[in-house]
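Trainee: Look at Swiss-Prot and you will find ASP225 tagged as active site. Sequence annotations record features per position, and here Swiss-Prot assigns domain 'PA14' to 395-555. Residues or ranges marked as N-linked glycosylation site by Swiss-Prot: ASN197, ASN620.
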Amino acid sequence: MPRLDVEKTIEELSLGEKVALTAGIDFWHTASVPRLNIPTLRMSDGPNGVRGTRFFNGVPAACFPCATALGATWDTELLHEIGQLMGEESIAKGSHIILGPTINTQRSPLGGRGFESFAEDGVLSGLLAGYISKGIQEKGVAATLKHFVCNDQEHQRMAVDSIVTQRALREIYLLPFQLAMRICRTACVMTAYNKVNGTHVSQNKEIITDILRKEWGWDGLVMSDWFGTYSTSDAINAGLDLEMPGKTRWRGTALAHAVSSNEVAEFVMDERVRNVLNLVNFVDGLNIPENAPEKALNRPQDQALLRRAAAESVVLMKNEEDILPLKKEKSILVIGPNSKVAAYCGGGSASLDAYYTVNPFEGVSAQSKGEVKFSQGVYSHKDLPLLGPLLKTADGKTGFSFKVYNEHPSESNRELIEQLHLVSSSGFLMDYVNPKIKSLTYYVDMEGLFTPEEDGVYDFGVTVVGTGQLFIDGELVVDNTKNQRQGSAFFGSATVEEKGSKELKAGQTYKVLFQFGTAPTSDLDTRGVVVFGPGGFRFGASRRVGQEELISNAVKLASEAEQVVVFAGLTSEWETEGYDRDHMDLPPGSDEMISRVLDVNPNAVVVIQSGTPVTMPWANKTKALLHAWFGGNECGNGIADVLYGDVNPSGKLPITFPVRLQDNPSYVNFRSERGRVLYGEDVYVGYRYYEKVDLAPLFPFGHGLSYTTFTRSDLTLTTTPEKPQYEESGEPITATVTVTNTGKVAGAEIVQLWVAPPATEVNRPVRELKGFTKVFLQPGEQKKVEIVVEKKLATSWFDEMREKWASEKGEYGVLVTGTGEGVLKSSFKVEKTRYWLGL
């Protein structure tokens, strides 16, 4: 299709066509105007993989490590490669636009989507986001920076007003977007759900137009988050180009009326349309046909990149007495709830059906040359494990039948609309469609056969956005149709899990029937959350086992084992969009299990998987500790590569791990109170706070050990002569450092450059990260590395009185750190105070 002549096309569009172009037509597509050769564009989540157009029963995709995992790599080249693969995955899914990366800021360890953002520091987050976006857009696919801005909690996210000073807004929350834009002018930006200082961002002219467009000179498309548009005229006039998803709530006839009554000027309408048409031209080279089929790639080279990313993200937190790496020839006992669970991604928009997954037990087993034993230790599921994979159909397939009807189960002569075969007993129906379905109200019968392997009492659980009843051999075991209570699943729109139990016999086959009614059949009060169309369902089961029995068995085996590794942590049940965690603790029983295992085997290695910090009351007991995040498809292999030394760990923490939740600077100001949240810590987010008040965290930002040792030496600074005002170059400062691998194995060092300000007009952090680089070295190898920072970015704070950045005169300290304790120091001067605005 030929590129559009944008100005000529705008002249030829009718008002109705212009209005249509400013809103989606469904969950994932924009409007088309065939007579003018304007195609529909497809977009897809998301932050750690390209799901495609279907949450429900979709085409599998590559799942990358979560953003905090990628943040832990501190590797811009790796992020660039990952972006390129994401672009190729997007093309395979027929998608022109990727809804990511996410670059919000982890004010608190509890944020439900904290795992979706790279770091608590704007420089690290912004640079990584810029390089992953660059990789995406080099493939012709549009990247989307989100959520612009201050969408840093899930509690009342659509209604909460984030009250933040202009200084903190600029220095902390807008900074990652600003720095990412300097590397890659992303084609799209997605607004946040929340208000900032009294106005929803999607209709906040100061943020969208004055800062993003005018000050930063960005000219791409601004879209809303899903259902995150709250007005007609205000949003259009503020600069919101595209309301998502369709069908529109705020555009349509209301927008046409606003234009005809001069509430929205026609030239403003044309600006919104111009940005849509420019996006069409941006992705024109993809040549993706409308309604393109979705395909899977899953190539060997992609699997290798995913494995490399998983391994590079692992952070070696402790390694006393060189417990690690483990010996492949020795036997090993694998313990813990995350051992046989592939915690490959968080929940919500980040979730997808991965091509395949490798859990930690599988990763260890594949590499060990000795005997591998397993002990559960504890279970850590928030809801009961999915029952679907344990069911069989009548013809012996794993899974169950999924039969759709318009009529309630009580009605006779129901007409079968569609029958599917599913394996997962968790389904989000927001994008399930069938032309025979008459409305959002319909019913599904799911049937399968369950043959337990052990006698005992089995617990069954049902979570729904809608209504659900679960029957075993015709007996109602779980009824989740009445007196429903709000839970956290499905973006916070679901009920809590309702449970029932039944005693079952090993080897006996039972018929399981789950009857589901869609969201309109529910009486649940869902004010303040988004209910996505027909809703969703989840049913699970587990044999009831006493926790003490499980822990005691693990402890006994650990006391006798040659090598022990404990896998614990969180999963997508605990960290998910739509819900903030209540605390930092591991799931019930995990801490006790780890502590008791360490009591009998102090050399046991502990591996924690989570996207954000957790408490570790046993940390002083352990000699060897890894943090492994949500590692994508290859999480198990990546962890095993590090455990056995095939990969030397090089990850560094992108977020601070406090000793306890109360130590976090946002502790007294997190979650919405009467519709607002006060960002009371101001610019003292993360390490800035801990260093300012001299409070030691459990593990600091930037921490991470290696199996080798490094030295850093010969720091030199090269500065640029000052001019009366800052020019576009920003007056580069080049720091040169010699890095030497003084150990016996190859490894990667991350060199971090910090700037410490002199006394200025305002209180400032003790030091701030301003640059970094990663270098790979063989044993004994030495390399010179350069880190280039701009003086104006390295020295400035935002002056609210002048409404400009202030680079104050004075002597600024330069600190260079990395693995180990050594710090190189130097300094440079700013001779004259200067003020500036811009990107």
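The count begins at 1 with the first shown residue.
Just so you know, glycine gets a Cβ as well, placed from its N, Cα and C.
Since this is a predicted model, take the numbers as computed values, not measurements.
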Trainee: Just going by other Cβ atoms within 10 Å, which of the glycosylation sites ASN197, ASN620 has the emptiest spot?
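Mentor: Each of the glycosylation sites ASN197, ASN620 was scored; lowest Cβ tally within 10 Å is ASN620.
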Trainee: Could you state the whole-number distance in Å separating the C-alpha atoms of the residue listed as 'active site' and ASN197 (N-linked glycosylation site)?
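Mentor: If we compare the Cα positions of the residue listed as 'active site' and ASN197 (N-linked glycosylation site), the gap is 19 Å.
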Trainee: For ASN197 (N-linked glycosylation site) and ASN620 (N-linked glycosylation site), determine the Cα separation and express it in whole Å.
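Mentor: One finds 43 Å between the Cα atoms of these residues.
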Trainee: Mean pLDDT across the domain 'PA14' (395-555), rounded to an integer, is what?
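Mentor: The predicted confidence over the domain 'PA14' (395-555), as a mean pLDDT, is 95.
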Trainee: Could you tally the C-beta atoms, other than its own, that fall within 10 angstroms of the C-beta of ASP225 (active site)?
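Mentor: 24, counting other Cβ atoms within 10 Å of ASP225 (active site).
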